[in-house]
Amino acid sequence: MVEASKLWFEDACSTCRCHELIHPWTYRCSDATRTMLISCIKGSYKFYAMVYLIQILMRGKKLGKKEMLEQFKLYLKSGVFGLTVGSSFVTLNCIFRRLFFSEFSYYNTVLLPCTVSGLAVYCEPPYRRVMVLNLFVNLVFEYWVRTLEMKGWLRRSPGKETLVFMLGSALFFYLMRLDRDNDKRTPLFWFFTPPRVSKETGEPVTGIHGKSPACPHKEPCINYILKGTAQLFGVGCAMTMLRTLIPKILTPVKAFKSLKMSHMKLGLFFGGYIGIYRLVVCLLCRAHGKDSAMYAIPAGFLSGLAFRASPSTPISLAPVTSSLQILGSWGYQKGLIPEKWPLVEILYCLCQGLLFHARVMHEDVCPRYIINLMHTVTSSKADEIQSAFIQKMLKYASG
Ligand SMILES: [Zn+2]
Ligand SMILES: [Zn+2]
């Protein structure tokens, strides 16, 4: 498949002029740069408004005035990152073509400029770079899984994905609990952070009331478990509601009518995930009278069952990706990876190049997130470029 599309692409597109392929909406390169920039300013700030809204929601607590201002500054920076990446695709192609290559080729049309434009990740503060890298590595895994599936080497199913998520969660929660004792904690974006391993010990507790002295929380176990469940259930439902309601915000009556029971699935997943996790850890603490990071393994594994309520390929892989992130940051802390190496930034560039390349050349196996991301950030200019590619290929195919 890869070979075929490489040959096809080069036969159909290599001799194109850049306005025929890269900026089909205008002839002049300077014009293309300007219009692309304007589209991306709009698109990027719109996209990050959603991202920041969800992040604030997921934190589950109110923001003070100072934190709001801080978030707003970060939002502005992220916007610059997005619009630079989005708008530079066209400009870099025009420049590269004029300076280095006279023809479009499979690798230097998308892969190369999009790898270079990944350097814009320096607009983000270091801890956000790590989080963006985490997301993109996860998307690369998803892209690989989809590619393998297309080649017939494996088959995705909700059951298998749940198992992957359960195993991943077991590992990830264990590593997270170990990481809690580190001075330099890895910045992670997860549904919830498990508390530090409690140092208290006591006698085993029976019955359902009260708590064990070893429990890593203050209130009675039942309150602790139910509170977490309700909170994340609410967050899950709120996220689904936002996603369903925002496009229909102009017709509120219709919007509310469109809410269904199935919109609670995400809430069930979130709530169940934290609920089962807390339940298992509490039961183990009560039975043994002491806490241990190891409890995260059975707790993480079983809590992963909740994923079955709302399965999706990218989320099923996310605990594994985040585990790799923790291991990577330990590598930095232990000096296995020299601190000066810009490993995060380089990896980000590579992932971005690969994924955007997949968007154009292998649309059928490209993660949905990337397609939506490019569509939103470029205010649908990416789709215009994509259809120019497809048209060229079709024209070529039909002779
Ligand atoms: Zn041009
Ligand atoms: Zn407890």
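Including glycine, each Cβ sits where the backbone N, Cα and C put it.
Where the annotation comes from TrEMBL, it is an automatic prediction and has not been curated.
Of the listed segments 106-123, 358-375, TrEMBL assigns transmembrane segment to 106-123. Beyond its flanks by at least six residues, the transmembrane segment (79-100) meets 18, 22-23, 29, 32-33, 36-37, 39-41, 43-45, 47-48, 108-110, 112-114, 116-118, 120-121, 123-124, 352, 356, 374, 377-378, 381-382, 385 of its own chain at Cβ-Cβ distances under 8 Å.
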